[in-house]
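What TrEMBL annotates here:
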TRANSMEM  A:39-63  transmembrane segment
TRANSMEM  A:83-104  transmembrane segment
TRANSMEM  A:116-142  transmembrane segment
TRANSMEM  A:162-184  transmembrane segment
TRANSMEM  A:222-242  transmembrane segment
TRANSMEM  A:262-282  transmembrane segment
TRANSMEM  A:303-322  transmembrane segment
TRANSMEM  A:342-361  transmembrane segment
TRANSMEM  A:373-394  transmembrane segment
TRANSMEM  A:414-432  transmembrane segment
Amino acid sequence: MSGHKESILREPLITGNDITFAKITDDILSPVENKPNKAWWIGFIVSALGACLWLFAVSYTFWNGIGSWGLNKTVGWAWDITGFVWWVGIGHAGTLISAVLLLFRQNWRNSINRSAEAMTIFAVICAATYVVSHMGRPWLAYWVLPLPNQFGSLWVNFNSPLVWDMFAISTYFSVSLLFWYTGLLPDIATIRDRAVGFRRRIYSVLSFGWTGNVKTWQRFEAVSLILAGIATPLVLSVHTIVSMDFATSVIPGWHTTIFPPYFVAGAIFSGFAMVQTLLLITRKVLGLENYITMFHIESMNKIILVTGSIVGVAYLTEFFIAYYSQVEYEQYTFMTRFTGPYWWAACMMYGCNILMTQLMWFKKVRTNIPLSWVLSIIVNIGMWFERFVIIVISLHRDYLPSSWAMFYPTWVDVAVFVGSIGLFFTLFLLFLRVMPSIAMAEVKLLLKTASEQSKMEQIKEGHVSKEYVAEYVDSLEKFDSVKQEQYAKL
Amino acid sequence: MGNIKYILGSFGDPDEMMHGIEKLQENNIKIHDVYTPMPIHGIEAKLGVKRSRLDIAAFFFGITGTITMLSFVYYAAAVDWPINIGGKPHFALPDFIPITFELTILFCAFGLVGSYYASSHMFPGRAPRVMDLRATDDRFVIAIDAAQNPEHSKIDNLLKEAGALEIKYNERKYVSYE
């Protein structure tokens, strides 16, 4: 119950001295209920231009076929699948935050889960467009579905990982959407009850008639927990199956049993980096420093460090197995990463993902906002190159030296990729304007137990030992949203 | 007095609201429902709300997905149009585990959320039956049926003692029908 107080040894999840339930609502809804500021407009116009570019480039591909990309008969998969895996990977952090951290009772997820889940959905939309556009004849995309067709009842090949992938991605997208929307209902109801006129009508339809009575809340919590329970294996299965697109083939560099865990760790790694990229800016622009605190930023950086190191171990294992297997083709593929024409791509991959992430061991780095933001961008770049290296380097040296080739992207390749980033940010910025970017109901749950002011009260009551207080005040030093002066007199 | 449908005790603090529920129950006053902006843990036990059976439903939806996919794949790959793929058996079970798993999750999630919406009477466009507009914002509201509990001044005092910030006598059942 809310009467239970959390130990002051834990860092606060909400900072500030004058936070009330009403203030939480006001703060979080201010971007939804007011006109957007200049920063939002600039971001939106730039992203929308990107989204237009994406629309043009994808339409161009549909009209002219994938011959407009730089693919050749040796490198038959390149930026399209790189982009697909990159986006799906980014999506994984949202589910991880909303599902896995819920199962582990990590309360700090409450203030970041909503925007991370939104990010998941938009990232999966970007990924799905790659799948459709790389098919060549996208109007026949429904052929991947197990439908009895006009050629007799010949079914899809259920033994193929590409069919599994269709099942995995579509399940993942729809379950994430359900999870996200169900969680949004109480917050949409809050907007509805504060709005007037036409806005109220819209949010009323969207709120599904939410009232917040006892039974609805009780079921809501049961549903959240069960969805988290099933979304956790789901998110692991999705990237496992994505990795099987490669791992079940016989191409050296792809044919590795380590791929599933390696891909899943990489996905969480890149996803958290994208959450960091988005939230560090969002908290500043929307003034949410009291809810997304330095503790959240540092925790995310720690996860980036852990998953980045797991990815690092996977990289080393790949090289070791290539050596240990004594298969010369495997060994050649891995040597080519450094000695071949794509050595710079491999350097980007290993440098950005392993070396740069190791900086996170230092607390000064983890709690430095500009540096964290730059590192999160570096991780995103590194993870894009990881997929590029796996896909293109493994393909470009074919079985016959006469068919060895390089991949040169065309302007369409570049425009589809850059445009998909624009599309992603357009959707995210629109989301910030129409839906609360923080789960209000879940943050309110923390106010009486885990906020700075509740801990302050505990200290003032005087039942906590002096050492604990000293340690707690020490831990507050890194927070940019805490006023240190008020602790000086205690 | 005759037109009053519900008496609402509006609290600013969840602990005080819980105290209010206790007070009312000690005096044998039946509580119609409680509306809160966030889930209150422990309130179900206090109000005698039964445990939700959605988890059981979720399990059966999931199992339905498993059986559906396995039997469909068996029909498609081994009965309707068997194809020799790399000499594998027609019903190559390990290959079908990923898709069976995905369908299990899909059925479970949709079945679960569908039953949740159905059992809580939620669907797009449903008129919200709200008694106090601040119950989704910063107030914790106890609703008492005015006709069933005629001692209105006693209820009023009990709620005030427990710390209610405001007491409303709603003449309409729901304030949100406009």
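In case you wondered, yes, glycine gets a Cβ from its N, Cα and C as well.
By the count of Cβ pairs under 8 Å, the stretch nearest in packing to the transmembrane segment (A:342-361) among A:116-142, A:222-242, A:303-322, A:373-394 is A:373-394. Taking every listed stretch (A:83-104, A:116-142, A:222-242, A:262-282) in turn, the largest tally of C-beta pairs under 8 A with the transmembrane segment (A:373-394) is reached by A:262-282.
Sequence-distant contacts of the transmembrane segment (A:262-282), counting only residues of its own chain at least 6 positions beyond either end whose CB sits under 8 Å from a CB of the stretch, comprise 85-86, 88-94, 96-97, 112, 115-116, 119-120, 123, 236, 239-240, 242-243, 256, 288, 292, 296-297, 300-301, 303-304, 307-308, 310-311, 314, 317-318, 353, 357, 369, 372-373, 375-377, 379-380, 383, 386, 428, 432, 437. The transmembrane segment (A:414-432) shares more Cβ pairs under 8 Å with A:116-142 than with any other stretch in the list A:116-142, A:162-184, A:222-242.
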